[in-house]
Amino acid sequence: MQSNRSRSKSRFSNENIGCIWNVFLCFSIMFWRRMNEGNGEGGNTFQFPFCFSILLVNITFSYVLSYFRHKEKIELTSLLRYGLLTSTLFHILSVLFGAPFLKNWDRTISFSMLLSALILPSVATCAGNLGNSLNFSCFEWMGANELSTCFGAWLGAFVIPLDWDCSWQVWPEPVAVGAVVGCGLSSLLKLIGPAITTNSAGYKMYWPTKYFVHERHV
Amino acid sequence: MNSKSFCFFYIIFGHVATILIFVVGFLPIRNKNQTISNWNDSFPKDVNGLLLNPEQLYTAKLTRIVLIVIDALRADFILGENLNSMPFLSDLHRNGKACSYLAQAHTPTVTLPRIKALLTGSVPGFADVIFNLGSPQLDEDNVLSQFAAHNHKMVFYGDDTWLKLFPRKFVRSEGTTSFFVNDFIEVDDNVTRHLDFELKQTDWSVMILHYLGLDHIGHVSGPRSPLIPKKLREMDDVIKKIHQRFSTKHTAIIICGDHGMSDSGSHGGSSKSEVEIPLTFVMEGCQPDSKSDSDFSNHLQIDLAPTMAVLMGVPIPSNNLGSLLLGVTHDFELKHKLYAAYVNARNIHLQSKTNAENLEFQRAVKLYQDWLTNNASGKEDYIVNLFVKSAAEMSSISIKSLVEFDLYLMIVGIIISFQLLVITVLECQIVIGCSTARPVYSFIIGISLFLILGHVLTCVSIDNESHICISGHVPAMHCIGLSFCIICLFVINFQLIWNRSHICIKQLGSIPEVFLLFGSLLHAFSLGASSFVEEEHQTYYYFVNTLALLMISKSKNQKESVISLFGFMGLVRIARCWNQTGDKWINEADVKEWLNKPANQPYLTISSVIGAMGILHWIHSNLKLGTLQMMSTFVCLCANLAYRSAFGFFSIYYPQSTGLVEAGVAYLSLIAIGVSSRERSSTFIAMWIVLTSLLKRPHNLILTWIHLLQYSLISPHLTKQLHPFYTNLAHYWIGMTWYFQEGNGNNLARIDLASGYVGLSTYNVFAVGFLLSCATFSGPVLALLLDIHRQKLHSKNNFQMYGFIYSRMFIMTLFFIIVTSLRYHLFVWTVFSPKLLYEGAMSIFMSLIIILAR
């Protein structure tokens, strides 16, 4: 009885709820994209309204989650502020990495909103308090989920220069798909990870520094 | 010289040697025959003692020829089921006044090489493309110069490529440029409007029309566009107009395409729809191919050259590999037909020694001889067919030998380069540590004996086809010398690897270091895809910015590093809009285009002055230079600006000048910087910056300053965070981003030839080559020199350049393998070979600089 309760508690920790939500969301985004492929829009699933609504949905989710499960709940204004600031940061970053600045700026904005939306649940479930996390030491609070979302987006960009001339090679389609896939996969791995490995040390095991030891050689 | 620096020099030397070995194997240089056919030499006056009279046997059948080249006329536009797309022409076909042949064009299916092939009858190899980079004029023997030598007057209207190929050959001509691809109508009207005038004239006997409209339609809206039938009907009207003016008795109208059109509307590759073109003859007494006879249905585009020569009674061009179209000679007298076929086959036969044993040709000559003595054996058609068949056979062997790769030599190059890569990795001891052992001499001797045996066996088994096997086509001393050198390289490499054979794997470094290592692997592997070669600049921009981002995350002092590294990323982002390069986004707007608009000349002036001032300030504050050197730098930059003013780039008043004096002053002050040198690496950097900013285009002057600023922002972090090897690697990446930001790319057309002639009044191949490489590789070399300077500042004794050498070596080795495995790829001549040449040139030039500046 005792052990059952503790197990159930660990199974439904905030992190795991966030992961389940992420997996669900990413699957539904991919499903939505797949359904919309046929109607001739030329692959532009990630339009401004779509990404904006995903951001709103995730903000609502984080708020509801913290309202019911956190000891000190996150205020809605701080969530909104967080969404705005991370969107701006990702916008700047994607422009720096070569996204169009003047020509298709609406696509860049919708991509940066999508990315900040994807990152929001895991940050909100882990961090608890978003107020302090906005200094520029961005990698400090970035866990496996956030990193793999960014890495997926990074990998997705490699498809763009290929000369296949497909409709889905247009910015930000492959990058956004990469981010969604990266987010969904890492959440899924985090969920089923304890079942595969005996060591259930939470997200720490996906932390890359475990593989690359910081050691200076002579 | 200690053993460390011996090893270093050996690696550099071996690297250059492998590049040369591989390139010799990959691009066999064809000995072009520069002789021009003339009436005396190219016609045999006897066959094994039987006298012939060329003047009677080889006469002109036509007095007038009209050649209509329709750009991108694909075979199935007018042949087969679409025959009715040109109604007048199909009527002529039905009345037996025209016949069409399906012919194959050779790759690359681009207009200029195709026109050359059409007229010379030869197939230019890739090496020719390089050697012809400077001289557009066609000096090989061709049909047009034969026409000119036989007093035919020629007129030309159409694509101005022809006027560049044949300056002063035409009596009347007008060229149209094919730059405005969206122009479908005017470009052809400019050709047709001369037609009425020319049809009234009687002085010309050869008229050439080159229509570009069809190609433009293809590029813009593809081969299924409704505009294409309209365009074909317009072409049909042109043919009708010419046909009505001249009786077909002594006039032929030849319609052909220079290349086809792929299903997406472009061309350049080797797909079926791009290489298949029609050859249509509107003349009397021609006979189309009979469908059943499969032997003669595979014609080539180059067959047009000998056919035109025979029809007009001029000698066949000396390098011709095309065989006579027999259908056209259907109405010839028998002895004329036989003689023409004989001359054609003999011309091909004499071009190569490998043809000496061609049995078909020998048999045909024998039969021809019999026919001449008996004079009526009834076998004429058989003999003619035999001649043409043997000609086609011999030419296909010759053409195949043009693209024959020396696979043995290529593989040898790959193996040596791989060995050198292993030595470099062992030597720089970054991922793999090792301890040295002493050489075992019996092992070395055993290896060399084994290699010699293997070499002899390989040579025997591949029939001495390679450059390093003794055979007819390369001198024996050359073969033995080359084989000896290669075996020596092998043995030394074996020994060097053996010496370091106690290997242990080390741990990887921090995240930016791991990224540098894996990024360089990823980049090298990405070169296997043609799009990634074309868009290589994107890879570098992306990787450099990722590196900066990772370094932000790993830096100790957050605030300062965020500002400077974000500044670096921002400057990279700005600089990548300066010159668009590559293939996919080449037409996007860029700063270069904007600055070079005539209306924006004041901005160009201001930006150049700011750039020069910025460069001067950077040199002053970052390098240890003497007063005299600073003054010389100032003088040189002023002379640089004056030089540009003399060419009218700037909107300020400047007296009339050729620019030679200004460039001379700049070169002199450059020498002054070098002579009054105090500190070697600083002097080198100052000289290099000043020299390359003189050679660059004016809009790139401020870009140099931006590059230097980028470097100032990132270099303290590189020194602080990375191991020296990885710092080398990072410098190499930054150098490559500079290279692409300056507008270079992996297309031979990206070379800015003008920068090779700065301050030169006469052509000097070494000076031009040196200046051209300086201008092209200014970015990577600048990064290299900056790295040497940085290392001299920070670590006096522990000095290493292996990062650069490793990255060059790794890319070259992998690219050798890629090129070897993709040597029959569609884009091998358009994408991979230019890339190979760029990489080879860069490696050799950078090796030179490393040795000089070390």
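Backbone N, Cα and C define each Cβ position, glycine as well.
As given in TrEMBL:
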- B:512-616: domain 'GPI ethanolamine phosphate transferase 2 C-terminal' (DOMAIN)
- B:679-850: domain 'GPI ethanolamine phosphate transferase 2 C-terminal' (DOMAIN)
- B:7-29: transmembrane segment (TRANSMEM)
- B:407-428: transmembrane segment (TRANSMEM)
- B:440-463: transmembrane segment (TRANSMEM)
- B:475-494: transmembrane segment (TRANSMEM)
- B:514-533: transmembrane segment (TRANSMEM)
- B:601-619: transmembrane segment (TRANSMEM)
- B:631-654: transmembrane segment (TRANSMEM)
- B:660-677: transmembrane segment (TRANSMEM)
- B:684-708: transmembrane segment (TRANSMEM)
- B:763-785: transmembrane segment (TRANSMEM)
- B:805-824: transmembrane segment (TRANSMEM)
- B:836-853: transmembrane segment (TRANSMEM)
Next item on the list: For the transmembrane segment (B:7-29), name the stretch out of B:475-494, B:601-619, B:660-677, B:684-708, B:805-824 with the most CB-CB pairs under 8 Å.
Entry: B:805-824
Item checked: Closest-packing stretch to the transmembrane segment (B:805-824), where packing means Cβ pairs under 8 Å, from B:440-463, B:514-533, B:631-654 -> B:514-533
Notebook entry, point to check: Any chance the transmembrane segment (B:475-494) and the transmembrane segment (B:684-708) have 3 or more Cβ pairs under 8 A, given the pairs are 6 or more apart in sequence?
Noted result: no
Check: Restricting to the same chain and to residues at least six past its boundaries, which positions have a Cβ under 8 Å from a Cβ of the transmembrane segment (B:684-708)?
Finding: 571, 574-575, 578-579, 591-592, 595-596, 604, 607-608, 610-612, 614-615, 618-619, 622-623, 625, 629, 633, 636-637, 639-640, 643-644, 649-650, 663, 666, 669-670, 673-674, 738, 741-743, 752, 755, 758-759, 771, 774-775, 778-779, 781-782, 785-786, 788-789, 853
Item checked: the transmembrane segment (B:763-785) and the transmembrane segment (B:836-853) contact flag, 3+ Cβ pairs under 8 angstroms -> yes
Check: Would the transmembrane segment (B:660-677) count as touching the transmembrane segment (B:631-654), if touching means at least three Cβ pairs under 8 Å and pairs must be 6 or more apart in sequence?
Finding: yes
Margin query: Looking at the domain 'GPI ethanolamine phosphate transferase 2 C-terminal' (B:512-616) alone, can you tell me the average pLDDT?
Written below: 89
Notebook entry, point to check: When DSSP states are grouped into helix, strand and coil, how many residues of the domain 'GPI ethanolamine phosphate transferase 2 C-terminal' (B:512-616) land in each?
Noted result: 82 helix, 0 strand, 23 coil
